[in-house]
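Novice: According to TrEMBL, the feature transmembrane segment maps to A:30-48, A:60-78, A:116-134, A:146-163, A:169-187, A:199-219, A:246-269, A:313-332, A:339-359, A:365-387, A:399-423, A:529-550 (among others). As annotated by TrEMBL, domain 'NADH:ubiquinone oxidoreductase chain 4 N-terminal' applies to A:106-155. Per TrEMBL, domain 'NADH:quinone oxidoreductase/Mrp antiporter transmembrane' is recorded for A:163-447.
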Amino acid sequence: MVQLTNIFSALVGNPLLAQAAAVGEGGIPWLTLTTFGPLLGILALLLIPRDQVQVLRNVALLTSLGVFAVSIGILVLFDPSLPMAAGEAFTFQLTEGPYEWIPSLGVSYALGVDGFSYWLVMLTTFLMPLAIWSTYSSVHENVKEYMICLLFLEVGMIGALVATDVFLFYIFWEVMLIPMYFIIGVWGGAERVKAAATFFIYTMLGSILMLLAIMYVYFQAGVQTGTFSFLYTDILAADFSATEQFWLFAAFFLAFAIKVPLFPFHTWLPLAHVQAPTAGSVILAAVMLKMGTYGILRYAFPLFPDALKTFAPYIAVLSVIGIIYGAIVALVQDDVKKLVAYSSVSHLGFCVLGLVAMTPQGISGAMYVMLAHGIATGGLFLCVGVLYERRHSRQIADFGGVASVMPMFATFFMIITFASAGLPGLNGFVGEFLSIMGTSQSHFLWFETPFGFIKPENAGSGYGVYELSAMTDVAIGSSRQAGPEITAFIFTIFATSGVILGAAYLLWMFKRVMFGSVVHDEIRTMPRLSAREIGVLVPIVLMAIFMGVFPKYFLSRMDPSIHQFLTYMDQNVTEANTVVVEPLDPTWVPQGSMIDLAKERRNER
Amino acid sequence: MTMQLLSTLNTLAMLTPPQGAEFAAIVPGMIVTLVALAFILIDVFHRKGTPRDYLAYFSVIGLGVGAASSWYLWDGTLEAPTFFGMLYLDRFALFFSALACVSGALAILCSPAVLRSHRMDRGEYYLLVLFSVVGMIFMAASADLLSLFIAFEIMSIPIYVLAGFLREDSRSAEASMKYFVLGAFSAALMLYGIALIYGATGTTNLEMIAQNLYYLEGGEGQHAGFGLAMLGVLLIFSGFAFKVAAVPFHIWTPDVYTGSPTPVVGFMATAVKAIAFAGLLRVFVVAFPLDVLRGGFFGYGWIDIAFALAAFSMVLGNVVALLQNNVKRMLAYSSIAHAGYLLLGFTAANAHPRFFLHNDAILFYLVAYTFGTIGSFAVLSYFSRRGESVETFEDLGQLGIKYPMMGLVMGISIFSAAGIPPTAGFLGKFYIFRSAIDVGMQTDEFSFIGLAILGVLSSVAGVYYYLKVLIYMYMKPEKRAFRPLEHTGPKVAMVVCAVMTLYLGIFPARAIEITQESIIDFQGVSSAVQATLDLGQQALEARQAAE
């Protein structure tokens, strides 16, 4: 096999394949298998005739299940207790490469996962089979192309998450657009063409400016270090002046903010969500939006730590506006799907707020919101799909009293709705709580305005490490200042009110759709959930409960990465940190979640 | 006096007949010429009423041999011009002769069915394409303004005829007439420019023009001839700008693209543009070095003119393409925009001798553009039956669903043209913008980065109209049914284009190496550029040794 690959690579004249073949002897390339596994399914689909609809569906489902099975390998093999590389922002495991891909440009094929990305990979591979399974009854035309699009989308999403070469990341990032464009545009609702074009152009506008910024960063890093390379670690080694950081951060952040979408860049989202078919909405909300927040965390923040200090309060303001605005607009929607779409704007606001808070709780909260929102909103879209297939309407007014006809569906829908609304014990609560808590402890979400909030003399100019020590009461007293916390507190108040609004619009929607007396006769004849639909919804419900009850399982595996990230951010801010910080042991291994650690240290005192 | 003596001596030194290996300089051109001449004989014996498909296949084979001969000559290039100082034999010329052959072959593959359906199945068609390719091959190799101009005309005149080949179609005749009148005008301008250069420098040899311009410029007190030379430079530039369809010399493009036979448009849009860029590079790099001519035009150099043309072409091409509802017209405006991107690369790479290696971006872009564009024109050719050809966006309705293969090829071509990964077009754009950013950063001139930003923003506008093609092909209802021209030729061309577009987008390493080798072997440059080329040679060898 290796020889075959060698011969092939000699034929096509590409060194990459030869290197890949050489590595194949060592270990199993888990990440490559996960990323390009769906391509095998696509090849199989291409060979199956178009009219064998059921075979096409089954092959696609089996492929995505196979990819999920392979990705379990990542979950098992990823070892969060491995020591973190000192002076780096992230420590990648299961790395593959770097293999030279385009040597003259310094582009390589390099994959790796850390505590952030492997959870998102798991989320993707977990939801993909469910999304494909949900299309069995909803898509009947051009099934072959639809399945190819979905699997191709999976390649793009996983690839963007595991790429550790910026160029490779960008390729996957753009590749995601193509299948999603067709999914919305061909299989979508009445206004699908407009929705698809808007989605494509918006995302393209942001990402192409990011491409220019990537090139700038690449050249700057090349000039400074002497090696022109797109490898993430090489790019991270570059230093930038304040002006450069400002503009580069703006270019990167705009691309990611459009994808998130952060208010006021969210206008494409309700359109795309409402018009997309169910599986498209599920993937769009659950995974593609997370690409934005993931990109912020992975690229925009660590590359430009100084610019983040400038932008953070403004980003926080936008997130809070997004939280409240999304919730209020969701409150007045007549269309269930649109309501869920606006709820995404609101929920992702918590995520970005947690990120810019730059505290351990904030980051872990943001990560948890990403996962929980993926599960809960994916579930909500699936539920809306179930309703739509029966009633061919998404208007809230067309429903009412569904619970009496479909009791089991009502239970699932209720659990998922509560999960999205953030009921304690379900997954939504953990993330939102941690984000809000992290925000309240943030020490640099301040900015000078005519109304006050003046920077105190020695407010923390660093990021997370200071917050960690403040949280564990090590540096309390001399360093804790009143100024910034007032702003952080104001952000917290607004964000918390967003939670209340979130409960309001979701529960009100649930009441109007599921309870009350049956007004429309069509409701009475609605069939109960089929076995397939139960099979689609049960994993989501179980996962929502599991994530709500055992958050530690997830959080403790992220914590080392969060800790390393914050340490890196703290060390790379140009201004000297004025607060005495407890020195960190680079080989520090967490015993539990960050919260447990804080409790332990308090008890020791 | 000294100057004239020197130039005479140089001229004498160059007036030597070719010997031995130097005959290789005309091999690719001669192969294609012989094939074309053979066709004249073959066509005499053609039995009336039978299809002439075999001519198409023979010419594809002939062009394939022509392209292959470039490959065999790759390691046997010469440092000095040969054939009495008329031709270079360097990898740059070989690269473009191969590109012209490939583009011609792909266009010919699309042709037979279209011609038959228009009842114009004539042997002259293939002959004209082949002769045009001959002109292209010699133009890329020219070392003298005279050989350049003759090659330029050998390339152009067949295309004027080809544009009007469907003579029963009034739009085709109109296209031919417009193209001919405007093209002849631009050729006249170019010839006038050549005459002025000759008057000022006393020579038509590119390298000697550079030397003599250096004497003419002569510090503060410029020779009166310098002004003449500058006017000549401007006129020659406008001649090239016409061929590449850069704003404001683009007026002919939409009408000619709409009226001409579709395969011819594919050929015209790719090969002519590519070769015009080859000629532009050769003439301006060799004969008009910037360190001599910088500031010649009231404080501006030709590089600034190219800069302005790049900006106008990118913006105008993309914006006006938004408003079109005829697919070929849209592609015409988009080709203007592509000329803008290429001029952006040209400006950045030639702004200073030390950036000369960045010209490989232009070469790669042209390859990517050739395959992407011919791919989309092959799909359009497949649906250009007489009287019922696909013309407007509405005509494309549901084609992608009804003909999945056509849809796939069109999709790949369109994504490539729009610059979306993993296609070759993305890498081409990436490469072009990369060189602009690099130059902007190294010279601290924000203008280049600004131009790159303008370029990417206008390419977002481009994405919008390219998507319109896909929207109609997949998402809009069918307006009327079209019967495709069932023929293998266009299908083969489509598969080749689609596969190459994806291959160059995913595994570009070897292709990039080839473009770099072509640029490093560029002959006739000044010593400053040669120093850059030597550095590039060392870097390339070091990298190849490391592998």
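Cβ coordinates come from backbone N, Cα and C, glycine included.
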Novice: State, in range form, which of A:146-163, A:169-187, A:339-359 has the highest count of Cβ pairs under 8 Å to the transmembrane segment (A:246-269).
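Specialist: That would be A:339-359.
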Novice: Which stretch from A:60-78, A:146-163, A:169-187, A:339-359 shares the most C-beta pairs under 8 Å with the transmembrane segment (A:365-387)?
Specialist: A:339-359
Novice: Write out how many residues of the domain 'NADH:ubiquinone oxidoreductase chain 4 N-terminal' (A:106-155) are helix, how many strand and how many coil, based on DSSP.
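Specialist: Output for the domain 'NADH:ubiquinone oxidoreductase chain 4 N-terminal' (A:106-155) reads 31 helix, 7 strand, 12 coil.
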Novice: Test the contact criterion for the transmembrane segment (A:199-219) and the transmembrane segment (A:169-187): 3 or more CB pairs under 8 Å, pairs 6 or more apart in sequence, then answer yes or no.
Specialist: yes
Novice: Can you find at least 3 Cβ pairs under 8 Å between the transmembrane segment (A:169-187) and the transmembrane segment (A:146-163), where each pair is 6 or more residues apart in sequence?
Specialist: yes
Novice: What residues in the same chain, six or more past the boundaries of the transmembrane segment (A:313-332), come closer than 8 Å to it by Cβ-Cβ distance?
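Specialist: Same-chain contacts beyond the ends: 253, 257, 262-264, 266, 339-340, 342-350, 352-353, 356-357, 439, 444-447, 487, 491, 494-495, 497-498, 501-502, 504-505, 508.
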